[in-house]
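Enquirer: Annotated compositional bias 'Basic and acidic residues' per Swiss-Prot: 1073-1083, in sequence order. For Asn35, Asn336, Asn553, Asn846, Asn985, the entry in Swiss-Prot reads N-linked glycosylation site. Feature annotation from Swiss-Prot assigns region 'Disordered' to 1069-1116. What Swiss-Prot lists as repeat 'BNR 1' is 21-32. Taken from Swiss-Prot, the feature repeat 'BNR 2' covers 67-78. Annotation source Swiss-Prot lists repeat 'BNR 3' at 307-318. Annotation source Swiss-Prot lists repeat 'BNR 5' at 607-618. The repeat 'BNR 6' annotation in Swiss-Prot covers 686-697. According to Swiss-Prot, the repeat 'BNR 7' annotation covers 727-738.
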Amino acid sequence: MLMTGSVGDGSEFDWEDQKTFISRDGGLTWRFVHNSSGLYATGDLGNIIVYIPYDPEEDGDFQSEFYYSLDQGRTWNEYELTNAISSVHPYKLINPTPDGSGSKFIFKGTFATTDSETNSITSLKGVEYIIDFSAAFDSRTCEEEDFEDWDLADGKCVNGAKYKYRRRKQDAQCLVKKAFKDLSLDETPCNSCGESDYECSFEFVRDANGLCIPDYNLIAFSNICDKSKDKSVLVEPLQLIKGDECKTPMKIEPVDIPCDEIPEEGSSDREIVTTENKFDFEIKFYQYFDTVADESLVMLNSIGDAYISHDGGQTIKRFDTNGEKIVEVVFNPYFNSSAYLFGSKGNIFSTHDRGHSFMIAKLPEARQLGMPLDFSAKAQDTFIYYGGKNCESILSPECHAVAYLTKDGGETFTEMLDNAIHCEFAGTLFEYPSNEEMVMCQVKKKSSETRSLVSSIDFFQGDNKIIFENIIGYLSTGGYIIVAVPHEDNELRAYVTIDGTEFAEAKFPYGQDVSKQEAFTILGSEKGSIFLHLATNLESGHDFGNLLKSNSNGTSFVTLEHAVNRNTFGYVDFEKVQGLEGIIITNIVSNREKVGENKEDEQLKTKITFNDGSDWNFLKPPKKDSEGKKFPCDSVSLDKCSLHLHGYTERKDIRDTYSSGSALGMMFGVGNVGDKLLPYEECSTFLTTDGGETWTEVKKGPHQWEYGDHGGVLVLVPENAETDSISYSTDFGKTWKDYKFCGDKVLVKDIITVPRDSALRFLLFGEAKNMGSGSFRTYTIDFRNIFERQCEFDITGKKRADFKYSPLGSRTGCLFGHQTEFLRKTDEKCFIGNIPLSEFSRNVKNCSCTRQDFECDYNFYKASDGTCKLVKGLSSANGADICKKEPDLIEYYDSSGYRKIPLSTCKGGLKLDAHLAPHPCPGKEKAFREKYSINTGAYALVFVTILLVIFFAAWFVYDRGIRRNGGFSRFEEIRLGDDGLIENNRTDRVVNIIVRLGLCISLITKSAFQRTKAGVARFSSKLRARFGNRKGPTYSSLLQGQFSDESDGLHEDANDLSSFTSQDSNFEIEQEDAYRPEQEHTSQIDQPATSNIPDALPARSAIHKPDSTAVRNEDE
């Protein structure tokens, strides 16, 4: 067999990496043939093999060649086509003998003719060769002694028999020269049957130890109990593989299956199948491979035994390590089929096919330190391992960490950097890296108390650049690397880079609650912003701080919310809803002043934002609980009565998030309705299906939850309580059913499914108290059979309407500058499967910008009236800083107080971030003046030209229409329609029309003036007659600054929204249909109104419109 392929797990394919291999034992073993791909053909029953590379220049010369072997692929010879045209590209290679027994081959290819002067291709031509091997070995024909017997599978039994085949010896110097005949295999049945000759009977499946155990779902299908009148039946768990030829069967003990444990016909839950597996030791670690190929996962128990399952835990096999215990399991975050198991004896077991196969390699001779691996985001086999060198003991003076690099998946390691404790392949993380080979490492020498940050572009073979001499630590997120650097007075500073070379200090906003930057937590990044929590109170057990958000390059932060809860370990009650833009849930400390003074314990309240942190609201509570009763609090104010949820800081497993990336809009949470968050055990379980807009209490008491089939199956199990049942819903939480999954009550510690939440199988980890051996158990609950069919996916809507596009909740308007609809299932009787619904959302339309598309800029805060005002005593960001970052700029702008939310795609409409007047960058004053200076010479020329045209036209009309007709002295004598004017041609007539028109306008103006003057005189006379007894005139003064406002300046507090409206659009804030979530503090600007100006601001009309009464008094 000759094949083209590559060595790997099959997850990647690249034609440039394809090589050619050969096997002469039916594919059992393979040998390398050539470092390229090409055409191949065989002759003389496989004794002649011809191979031609697709690229004739792969060997470095232009001469075309082919390769051949006469010893069944052991050795190869090159034959150059010396008389041929160079660079012939093959497209066909065949043995013209139909059965492949001939010794001649036909090779067809193409070559290009080029122009000798321009070296360009002028035409393509075909060429054909006949390759003849009939004279090989001096035309000697093989005899009987040139043949041998070949045993299939190295003589092992295959399907109960051994097989032999007669073929030419590999080193025989002859050709067979016989026509092909059907294979005549010498078959010898094996005497005794072995385990390899058997498979599980239909009613059984294999468990973790490879034993066949009853599957009651299959038993129900087989109807074996219906054929028996007894309460139980005996069934052999093994059956001989069909077609197996072994003679003596194994003795198989039948299994007694109780028929009363089989679900009866008509049971509502008969299609739900539960598979139980028992363990003597607790399962401490478990994780799925994040793929759609199957439901593979790795589990590790408390004594270091590893288990593999490929069907969601139904069948579990113990991983054979030859007695070596597994101390750690690490998954590759960039390549979802790869994982690494570290053995206690220094071996590393790696898989790149989700645990179907493993490769074993030896770790470097170093002590395992338990530090996580660091992987390359672009090379699957490249990662960094950290080991301890000179470590007889961790406390040894010479013991230190060493970073080891592997580029072949762990088969070989090279020592990369001493004292490195954390490295990252920075060049693979940035969108636009300065060098793709860049590696950054944090170095901690044992003799020093400080840590430094270094980088290299050759894995520290020669290049070693120190970036920071002293750091606290660093991490990467979403295309950024953030470094925490100590500062004077026990403060911290954060530096950010987006290319690995240029670092800029992150500017945090200052306020009354931020006195020092002592601790911060990076919460992640998404679409051009970093979310960060800056601690403002570090009292143990009473920690909280401000939630910040950066601009696109991560250097300028603004405050989104104050007093956001954190714990002593730096974890924060902050969670972005998966799959939906801009929805974040946080818990705030509502009594932060008294907590800061140690007078009260923390009182937490839950808030949500629908526009990426610009506006926050309390959660709307449901009207009734799961029993149909009203909640104790019914205040209209959400500040006094809202829903509160326990957050990230209290989770046992950080993977248990509120939401799911595939069940769009759905979130579970444990909480309560009231004025503050109650203790966990006093709370209930709530569900939302519209992204947090509305909530429903689904179960009393705390529950664990899991999503399946993109939210088509929802499962709840009681938390911290023994149970034998789960609750599930197949209609998105509208109704719930209970299902009993085991006979004895167990304490369920966790419920999981595949990371994409698309499977119909759920895996529960439980512990049965007082059960002795086998008290630790897993239960795989399979919902695959409860649906009638799989949903038909057709986004065109021409077929069955199992899906439709719809908005999320009531938000039918614009959000982040666009209106989005999501694809959702309409028929509850079908299941979705692996269809990636989250990838099929669509933007219905783009929208004009409104106030909701902007957030406050650096050192600005959002006031109660919805405007952004400058923090008292602070200044806006120095716009000139951008000149340092971009040396080619010649100008910069001051901040308007607003900046556009990075998620927003709006166009036109409100322009709150519009630039003010430009300023020259330092040192670019001359270029600035040249750009904006007026060209006086050009303007003077235009002005003079216009004056000359006007003067010439006036002189022409005067000369031809006035002077020639008697001059100005006759002007008053001319009447309209007078024929006394001279008109000798068309020009005279046009000039006279202009003269008459001027006369008409002059007379009308004069008459209007005289009438107005007479009317004013009469009115004045009447006033004097009526008020003549007054002592004298009175006046009313209007002071210049009477109605001015200190906040009227745009640069200082940016509070006049109307001045930003686009000149070419009539869009207004109140006229937008965009969704506006209810505000905690309602402001005029966020409500429908008839005015463009917030109530808190002075009306512009009152400033610029004169008071009619005042004017009238002044005219007296």
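From the backbone N, Cα and C atoms, a Cβ is placed for every residue, glycine too.
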Enquirer: Might you list, by sequence position, any residue in that chain lying six or more from Asn553 (N-linked glycosylation site) with a Cβ less than 8 Å away from its Cβ?
Expert: Val496, Ile498, Ala504
Enquirer: Counting distance between Cα atoms, which of the glycosylation sites Asn35, Asn336, Asn985 is nearest Asn846 (N-linked glycosylation site)?
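Expert: In terms of Cα distance, Asn846 (N-linked glycosylation site) lies closest to Asn336.
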Enquirer: If you count every Cβ pair below 8 Å, which range out of 21-32, 67-78, 307-318, 686-697 shares the most with the repeat 'BNR 5' (607-618)?
Expert: 686-697
Enquirer: I'm checking region-level scores; what's the whole-number mean pLDDT for the repeat 'BNR 3' (307-318)?
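Expert: The answer is 92, the mean pLDDT of the model over that range.
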Enquirer: Name the residue among the glycosylation sites Asn35, Asn846, Asn985 whose Cβ has the smallest number of other Cβ atoms within 10 Å.
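Expert: Taking Asn35, Asn846, Asn985 as the glycosylation sites, the minimal 10 Å Cβ count falls on Asn985.
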Enquirer: How many other Cβ atoms sit within 10 Å of the Cβ of Asn336 (N-linked glycosylation site)?
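Expert: For Asn336 (N-linked glycosylation site), the count of other Cβ atoms within 10 Å is 17.
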Enquirer: Going by DSSP, is Asn985 (N-linked glycosylation site) sitting in a helix, a strand, or coil?
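Expert: Its secondary structure by DSSP: coil.
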Enquirer: Residues sitting near the repeat 'BNR 3' (307-318): Cβ under 8 Å, six or more positions beyond its termini, same chain?
Expert: 205-210, 275, 277, 283, 294-301, 354-356, 753-754, 759, 761-763, 778, 780, 782
Enquirer: Asn985 (N-linked glycosylation site) to Asn336 (N-linked glycosylation site): how many Å between their Cα atoms?
Expert: 93
Enquirer: Hey, how far is Asn336 (N-linked glycosylation site) from Asn35 (N-linked glycosylation site), Cα to Cα, in Å?
Expert: 28
